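Quick look at what TrEMBL lists:
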- A:12-40: transmembrane segment (TRANSMEM)
- A:12-428: domain 'TRAP C4-dicarboxylate transport system permease DctM subunit' (DOMAIN)
- A:60-77: transmembrane segment (TRANSMEM)
- A:98-122: transmembrane segment (TRANSMEM)
- A:142-163: transmembrane segment (TRANSMEM)
- A:175-196: transmembrane segment (TRANSMEM)
- A:224-246: transmembrane segment (TRANSMEM)
- A:278-300: transmembrane segment (TRANSMEM)
- A:321-354: transmembrane segment (TRANSMEM)
- A:366-392: transmembrane segment (TRANSMEM)
- A:404-425: transmembrane segment (TRANSMEM)
Amino acid sequence: MEWGLVLTVSILTLLFLFATGMPIFIAFLVVNVGGVFLLFGANGFGMFSNSLYNTVTQETLMAIPLFVLMGEILFRSDAVRILIDAIDKLVGNIRGRHYILVTALSTVFGALSGSAVAVAAMLGRSVLPTMDERGYDKRLSVSAVIGGASLAPIIPPSLLVIMVGSMVDVSIAKLLIAGILPGVLLAFMMVVYTYIRILRDSTLEPPREEVARPPVGAKELFGALAQTLPFLIVIFSVMGLIMLGVATPNESAATGVLGALIAAAIFKKLSFKMFYQSLIGTCMISAMILIIIACSMFFGQLLSFTGATTGLVTMASELGLPVLGTFFVLMFIPFVLCMFVDLFAVMLIAIPIYEPLLGVYGFDPIWFWMLFLINMTLGSMTPPFGYTIFALKGAAPDFSMEDVYGGAWPMVGLFILGMAIMYAFPGIVTFLPSFF
Amino acid sequence: AQFRMLSAWAPNYVFNVGVLTSFEKNLAELSGGKMRFNVLGPDVVPTFEQLQPVQAGIFDMAYTYSAYHSGTTPIAIGMDATTADPVKRREAGLFDFVDKEYNKIGIKLVSFPPLTPYHFVTRNALNGRQPSLQGMKLRSIPSLQSLILNLGGSPVTMAGGEIYTSLQRGVIDGAPWTQVGVKDFKLNEVANYMVRPEFGYVSTMILMNLRKYNSLTPEQRAWIDEAGRKTELDSLAFFQELIAEEVAELKSMGMKITEMHPNDAAMVEKYWNDGLWEMAKASTGAAGKKFHELALETGMTK
Amino acid sequence: MTARKQHRPAPAILKGMAGILDQVTRLSCMLSGVALASILVLTLKEVAMRYFFNAPTTWANDVNQWFFALAVMLVMPEITRTNGHIAISVLVDRLSHGKKDVACRVIAILSCLLCMAAFYITGMETLRQYQFGITTMWVSPIPKWWISVVIPLGFLLSALQFFRLVVMPGSEREE
Ligand code: NA
Ligand code: NA
């Protein structure tokens, strides 16, 4: 049980350091530098440096800054404000429409991207400040964004699904399709949750008289519709180009930026200064997140090296509990690990150990791996730590960590409820893939 | 002794299963159970950064592919341009040549097991004209760049995780892939054809930290050498059987065969060899040239 | 920030050095933005070349890795200068003003030391890559240290900025 000690000490150290309020990446550096010296001495320098190199040159992470840039441009060009106005007119005087809008938006962008971090950072930069400015409840706004962003790896396209699919014996195509209904279910639950909150507490929205407005004429309605068109350009430049086989999912982040620039031009807000400011803003937000990812990546490597990660996952698979208990433990361990370690690393370790267990417990592979994936995404948005949380905090500096936590918790509850529903009704996951 | 081995692949990937299982068995048999190793994967050190920690002695051994550390030395890439016969490779002195070159960077070459040829998988059938891949976009890696160009294709570099979706949506028309491994990466779901002829042969490498190796007794070193030699033969047999099985299975899952133009079919092996030798010679100074000459003299490459 | 009033004005020499540091930081930050713009342009160009002309370049993907490293590492000093790193300040925020100030300085000292350590470690590896002529594994390889040198550079500048937060806290904040 040597790994147990290593794991306990390193995680407690991290928890303590986080609590002191030091930058997250510095806390990881403390553990990493200390760990390297303890384990390898100066021989470990190369491993440490090359791990950083590996992260900051990784093509799959490039979608993060590009997606954030898309959000920056949409925000700085006032596109988000215009869109919210337009939807306002289109949807009419129903309550909570902006929360619904944000949930819908984040779900759409989640569907477009495969990265929860990218979507959280993008919407945190564009939609959240606008909502805040207009007097919407901070925490409820965070809920809408963080929940929707977390659908990104679940609804296709999704790099995570492809990674899982190539490591286990299931069809990638089926696994991709399997994500659609769970994604829709979770999005629907978010909408219902938001409605319940608003109906019970009217202070969550700006005062009614401020947002209520006289009935809209047909002409105005048409104008509002026209104002949403630039957004369709953005969505097309991401999703459309993937579907048409023009761009890969990674490249679509760049074509999305182009779409955003076109939208900005239509709103007559495109200027060199705006573009430059967007670039710098994007670099700052993305680097805050990526430096944490880079440092925690190496922390994950050290944990793996000491055998802690494998030990923990193996232990989970060998407890000999009843089926539901086993399922719970199998999900719980990666969930906890995702707070400190990158999703990919956890997958690399857990999948080969879990795979043989599916037959033993009679779990349907598509169903199991989809829930596994949802669970990993959940781990990244569960306070106190996780990439999705850090991404949102980095993108929305005006929101305190408490606001972010406060917004994240209800979504954690919803995801757990959603997973329980999928446990009880596996058809939600397995129905669509059965046609292919 | 218990060694720490780094592998470039996930534990359940067929390369690990095929080679390391055999190496483990051979080493245990030869040493009477005295020598073992535990395998750590890309979760401990990323695939493309694995040579350095073995040089530094943090890990005793590595199971990897020559192109994965071509930035440090590309010379072993040349081995893939020689006849995939481990016995002849050793007889011709090719194994020792690479070993000596690796010794200079603190690494001992233990085993060079050949695994599998490449083939292209494509969305559509080839049209039978020459050049065979004219007008097609194919996912490329540096070692296959010149081969794809010679066959008239457009090489596209993209991250591994993007290949599936890109084939599915037609961003690319095909991808070269090791014959064993198409099924693991589910490319049969998005590509309908396997192009013939296949070409080349990928060999993996088991490496060891030289200082560690030299610190062993002659008897212990002999166990390792012999286990490495036996593993080459075992894995050749293992993978040949597997290739036949996998290709049959891919066909039963609906993949069809499509042929290159005969002129290209006759040349593809040469394109493969030339591309690899070019890489192997880059930045290796005289050694790369000598290695190529040795392979030519001994009739191991064309 | 009210903190500014409580600190003694920094000596001129410190101010001068901080000024130079800020110039370098600003330049570094600008380069980061240029690198991101380059990623955007190259990726778009690559999509167009491939789709419309069936002529993808062999280097765009590789060179993007370089720009990505530049974009991430070179903006780090500016993030440090503006005290923008993500932290969980829930507990620190509850301290009284004086205590919080002390805590911030202690964190800045520690952060400075850690960044120096990271600078040293990554710098040594970059030096090794230079000495042994290690290249990238691209279609047209380039020396690896050309890329990896931005890692120690980013850490060094960040370390200096953290040091600045220790000796001149809050003095250069843009509010
Ligand atoms: Na998605
Ligand atoms: Na978490």
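Cβ from N, Cα, C; glycine included.
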Under 8 Å Cβ-Cβ from the transmembrane segment (A:224-246), and at least six residues away from its ends along the same chain, one finds 70, 74, 79, 82-83, 85-90, 108, 111-113, 157, 216, 252-253, 255-256, 258-260, 262-263, 266-267
Long-range Cβ neighbours of the transmembrane segment (A:142-163) (under 8 Å; 6 or more residues past either end): 60, 99, 102-107, 109-111, 113-120, 123-124, 127-128, 172, 175-177, 179-180, 182-183, 186-187, 190, 193-194, 242, 249, 343-344, 347, 370, 373-374, 376-378, 380-381, 388-389, 391-392, 396, 399, 403-404, 406-408, 410-411, 414-415
Please give the sequence-distant neighbours of the transmembrane segment (A:404-425): residues at least 6 beyond its ends with Cβ less than 8 Å from one of its Cβ atoms. 138-143, 145-147, 150, 182, 185-186, 189-190, 193, 327, 331, 367, 370-371, 374-375, 377-378, 381-384, 389, 392-393, 396
Residues from the same chain, set at least six apart from the ends of the transmembrane segment (A:98-122), whose C-beta lies under 8 A from its own: 63-64, 66-68, 70-71, 84, 87-88, 91, 131, 134, 136, 140-141, 144-161, 183, 187, 190-191, 194-195, 198, 205, 235, 238-239, 249, 252-253, 256, 285-286, 289, 293, 377, 380-381, 387-388, 391-392, 394-395
